[in-house]
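Taking it in order: structure first as structure tokens, then the write-up.
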Amino acid sequence: MGQATQTAFRKAEKKYAQRSQTPDLHNVVDLAAASTRAAGQAVRGIQLTHDLESPATLPFQLFSHKRPPAFVLRDHPGLVLIPNPFTDEAQRWLARKCLCDCPRPPNRTNLTPFFNEPPESMFSLAANAPARSKRIGCRSHEDTLQLGVTLPKDSFYTQDELPSDLLERLRWCTLGQQYNWTTKEYDLGSSPFDTDADALMRAIALAITHPDEASDMPASNGYDGAAFVSEAGIVNYYDERATMAGHVDKTEEKMDAPLISFSIGLSCIYLIGSATRDTEPTALMLRSGDVLAMCGESRMAYHGVPRVFAGTSPEFLSCPAAGDQDKAAEMYPEWHYFARYLSRHRINCNARKCS
Ligand SMILES: O=C(O)CCC(=O)C(=O)O
């Protein structure tokens, strides 16, 4: 497609995806860099209407403040950004949840159709595999047919693999109601949504209920957060070169309920547009710990991730020698392996109400 016929969204994707030169970040709304548009009129601070409460089941605090700063964007009614409200400990816990607990049966991953994933965590296997002999077997041709898939032509998935190699190919896992990427329906059964993760998402949904509307930049979130339940979700795993093309999440029946996400690890450019690809999107810098909620009008908006930035993961996640890492190692024996992964990846976990 020629440059002239490209949509405004596509043009923005290409601009930020380009690797031959450092991208121009001038127009990127970056709440951690005071010199950008963020300091101007692109965003407005809002008051959260409820405290962010940690689930009582956890022995530590998830949130560093009960009412952290939160923002809405002028051009995108309903999009709420809470810059990293988490404690360092919480980010480690979330990373561990996304890497060890989420990508396990009965949750499905992009690898499920092709490999007999072990019931224990692939991450732990990768971290602890003492010998290069411990491989994960690929499914038989019959199994893949039963799952409604055929093996890719290039025979990418035809031999048993080391857990560490498979971990590098992990792209997504689905939570709760399992999403079928072919039919674009939730028709593949269900797994229990992690109770603590759901409690976290509910706390966010409640806190952003009806943020104050008395302004020229309304937050436009009329949804009553008390009604939110995480029924389905996706964990996306990005390596330094991974991208996510612009799309709208519209399978859910309850499009008035927010789509809530948090990100851990590397920073990225997140593009948010409108209900058509023809509107020029706004570029946001999302950093480790940032929470984003797509409510109201923005729930129907095109969005995507054209760029992940290498070397931007915070030290407390990515450098085993930094800060209170002894505590992390005590809680998670494989912490060195986590740190290695998190120094080179971004994880995004999101939740939706479907019905
Ligand atoms: O990685 C992100 O921040 C966006 C994820 C997303 O758009 C999705 O899972 O539908």
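Backbone N, Cα and C atoms are what each Cβ position is placed from, and that goes for glycine too.
A TrEMBL annotation is a machine prediction, not a hand-curated record.
Keep in mind the model is a prediction, meaning the values are calculated, not measured.
The record from TrEMBL ties HIS247, ASP249 to Fe cation, and of the options HIS303, HIS336 it ties HIS303 to that site too. The range from 1-21, 148-168, 169-189, 211-231 that TrEMBL describes as region 'Disordered' is residues 1-21.
Packing against the region 'Disordered' (1-21) from elsewhere in the chain are residues 243, 245-246, 269, 271, 273, 277-281, 283, 302, 304, 306-307: each is 6 or more residues past its ends and has a CB under 8 Å from a CB in it.
With all protein chains in the displayed structure included, the most crowded Cβ environment within 10 Å among the binding-site residues HIS247, HIS303 is that of HIS303.
Secondary structure at HIS303 (Fe cation binding site), taken from DSSP and collapsed to helix, strand or coil, is strand. Helix, strand and coil counts under DSSP for the domain 'Fe2OG dioxygenase' (228-355) come to 24 helix, 47 strand, 57 coil.
In the predicted structure, the domain 'Fe2OG dioxygenase' (228-355) carries a mean pLDDT of 93. Remark: secondary structure over the region 'Disordered' (1-21) totals 13 helix, 0 strand, 8 coil, with classes taken from DSSP.
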